[in-house]
Amino acid sequence: MTGSETSYVQYLHKIIHSSRLPFLLGLIIVLLYIAPVLIQWEDAPVLNHDCLDSNVVWYLILGQSGKLFGSYDGTIEQIMGGISRNSFPSEFNVVTLLFTFFEPITAYFLNFSIIHLIAFIGMFFFLREFYPGGKEYRYLIPGVSCAFALLPFYPPAGLSIAGLPLMLYGFFSLIRDGWRLWSLLPLILYSFYSSGVFTGYFLLPILFLYCVLISVYQRKVLWRGIYAIFFAGLLFLICDYRLFWEMFLNNSSISHRVEFSSIGLPFIDTFQTGYGMLSSGQYHAESLHQLIVPVLWVSLALMVIHQLGKKRDINRYIIYFGTLLSGGLILSHLTSRVNGDLITLFLWSSIIFFLFLLLGLHLKGVSKGKFLTIEWIIVGLTTLVFLFSFIYQVSTLDLFLFIKSQFFVLNALQMRFYTLLPVIWYLIFGICSIYILERSKKLKIFVYGVILIQIIFLFSFQGGTYQTGGYGNLQDGQYSFNEFYSPDVFESIRDEIGINQSSYRVGSIGIHPAISQYNGFYTVDGYFANYLLQYKHQFREIIAPELNKSERWRVYFDGWGSRAYIFSSELDGTSYSKGNGIVLQDLDLNITAFKNLGGKYIFSAVEIDPVVKGLSLEGVYSSEKSPWEIRVYSVQ
C-alpha cells in the first residue's frame with residue numbers, strides 16, 4: 001500500500017470514528033428531507049388546509065398593505081370589508097418578516113427549511129446536554145433528533161413545536177449556567193419565531209409548575225428558572241402586544257369569537273377524543289408516535305422488573321386500581337368508534353398498569369439528589385402525555401364548553417396543551433432508549449431498529465393535511481403554489497374585468513376566497529381568525545337562505561364562523577377542481593346583501609343552472625396547469 005493510500009485509509013478511519021460523524025449523518029438526512037421541496041420549488045406539493053387557504057395570504061396581504069407597523073386603529077381593506085391591523089400577525093414575528101422581505105414561495109420554503117434544521121439541532125443539543133447518558137451513545141441521540149426533525153411540522157406556526165427543544169435547552173442552560181448569551185439566544189429566538197397562542201402560553205405554565213415542584217423538593221426557590229419564565233413571557237408580550245390590546249384594552253369592537261359554539265360532548269363520549277389524542281395525536285401537532293409506544297412499554301417493563309427485585313411488599317390496592325383503570329380503557333375502546341388495533345390497546349393498557357405498579361412499589365430515588373433520576377423523568381413525561389390528553393378530552397366536554405362560553409377571554413382561548421406532545425414523545429423516545437440500553441445491552445438491536453424504522457417511516461410519510469418533505473413529498477397529492485393560486489387564470493379574469501381591483505369586491509363558491517385574495521382581488525368572504533361580529537351578521541344575510549336548507553352549514557357558520565364562505569346546501573365541501581360535473585340547481589343567495597357589502601362578481605368552481613336571479617355569466621376561465629375552472633358571474 002502506497003503512502004497516499006495509507007494516508008487516505010487513515011483519514012477515512014478518522015472520519016468514521018469521529019464524534020461528529022453521527023451528528024453530520026443526521027444533518028445530511030434532514031437536508032435530504034428538505035431537498036425535494038426546494039428542487040421542485042413552484043411544483044412542490046404544499047400544505048393546502050389551514051395554510052395556503054389562509055395563513056400564507058394573511059402574511060402576503062399584511063406585507064403588501066404598507067401597514068406592517070400600522071396604528072392600533074388601522075384597517076387592512078382587502079379581506080371581508082376590512083380587518084383590523086391588530087388581528088394580523090405581529091410585525092416582530094420572524095415568519096411575518098420572511099413574508100415581508102421575500103416572495104411568498106421563497107418565504108414559505110425558507111421557513112420550512114429553517115424549522116426542520118433547528119428541530120434537529122435543538123433536540124440534539126438538548127438530549128446530549130441535559131439527560132443522563134446523553135453523551136455516551138454516539139448514534140442514539142442523533143437518530144432520535146433526526147426522527148424529531150422529520151415530523152410534518154405546521155409551517156405557519158414557525159418554531160412553536162419544532163423549536164421547543166432549543167427553547168428548553170436555553171431554559172435549562174440558564175438555570176445551570178446563569179444569564180449567558182447561549183442561554184438567552186434560544187429564548188429570544190423562540191419567542192419571536194413562534195406563536196404564543198399556539199404553544200408558548202401553554203409551555204410557560206408547565207415550566208412554572210416544574211420550578212415550583214423543584215423548589216418545594218429542594219426547599220429552595222429556583223429563582224433562575226422563574227426569572228427565565230418571566231423573561232420569556234415578557235418577550236411573548238412584546239411580540240403579541242397587538243393581540244393583548246385587542247383582548248383586554250380595545251372595547252370599541254366585538255369579535256365574532258364571542259359566538260363560538262358551546263356545543264360539546266357528553267362525559268362518556270369524551271373518552272373517545274382522549275384516547276384518540278393518546279393514540280394518534282392532532283394534525284396541527286402531529287407526533288406520529290405509534291412506534292415510540294413499544295419503546296416506552298419496554299422501558300417501563302424493565303423498571304417494574306428492576307423494582308420487583310428490590311421490594312416485594314406491593315401495595316395491593318394500588319395494583320388493583322391500576323388493573324381496574326386498564327380494564328376501563330379496554331372497555332371504553334371496545335364501546336367507542338375509535339379505530340385501533342388490539343396491540344395498541346394492549347400497550348396502552350399495560351403502560352397505565354405499569355405506572356400504577358411503579359407507584360405501588362414505591363419507586364426508589366426520592367431521596368435528595370435522586371429525584372431527577374432517569375426513571376422519574378420517564379414516569380413524569382409519560383404522566384404529562386396522559387395529562388395533556390385528558391385536558392384535550394375535557395376541552396370537548398359540553399359542561400366545560402358552556403362555562404368557557406360565559407367568558408370572552410376563555411371563549412377565545414383554545415386549550416392547546418397538545419402542541420407540547422410531539423416534543424414530549426421524542427424526549428420519551430430518547431430517554432427510554434438510553435434507559436433500555438443501560439438495563440440490557442441485548443436490546444440494542446431493538447432500540448436502534450426502532451429508531452431506523454421511524455426515520456424511514458417519517459422520510460416517506462405523506463398525508464393530505466400535512467406539509468411533508470423527503471420521499472413523501474414526491475408522492476404527495478396536494479396542490480403546489482402555482483396550482484393552488486393559479487395566477488395565470490386569475491390574471492386573465494382581472495384583465496377581462498378591466499377595472500381597479502380595489503373598486504369592487506368578489507365572492508367565491510367552490511374555491512377558497514384566499515385564492516382570489518392572493519391574486520389581488522378584494523373579497524366579501526374569507527377565512528380569518530378574528531374579525532368583527534357585526535360583519536359576520538352582515539355576511540350571514542347573503543347565505544341565510546342556504547343555511548336554512550342545511551343544518552350542517554348553519555351550525556358550522558353560526559357556531560364558529562371563522563370561514564365566512566358562500567356555502568351551498570348542495571355542496572359537501574369548500575373546494576372543487578375542474579371536471580367535477582357539479583351543477584347547482586337550487587342556489588338561493590341574498591344578492592342585495594351581497595351588493596350592500598360591495599360585491600360585484602362571484603367566482604364559482606361549479607356550474608350554476610339556472611343562474612340565480614340578479615347574476616349573469618360573464619365567462620369561463622381555466623388553463624392547462626390549473627386545477628380550477630372558474631365561472632365568473634356579475635351582479636346585475
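One is the number of the first residue shown, and numbering goes on along the chain from there.
Cβ coordinates come from backbone N, Cα and C, glycine included.
Keep in mind that TrEMBL annotations are predicted by a computer and have not been checked by a curator.
Residues or ranges marked as transmembrane segment by TrEMBL: 21-39, 105-127, 139-172, 192-213, 225-244, 287-305, 317-336, 342-361, 373-395, 415-436, 443-461.
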Segment-segment contact (the transmembrane segment (225-244); the transmembrane segment (287-305)) at 3 or more Cβ pairs under 8 Å: no
Recorded stretches the transmembrane segment (192-213) and the transmembrane segment (443-461) touching, at least 3 CB pairs under 8 Å: no
Tertiary contacts of the transmembrane segment (21-39), as residues 6+ beyond its ends and Cβ separation under 8 Å: 15, 109, 112-113, 116-117, 120, 124, 138-139, 141-143, 145-146, 149-150, 455, 459, 469-471, 473-474
In contact by Cβ distance (the transmembrane segment (443-461), the transmembrane segment (287-305); 3 or more pairs under 8 Å): yes
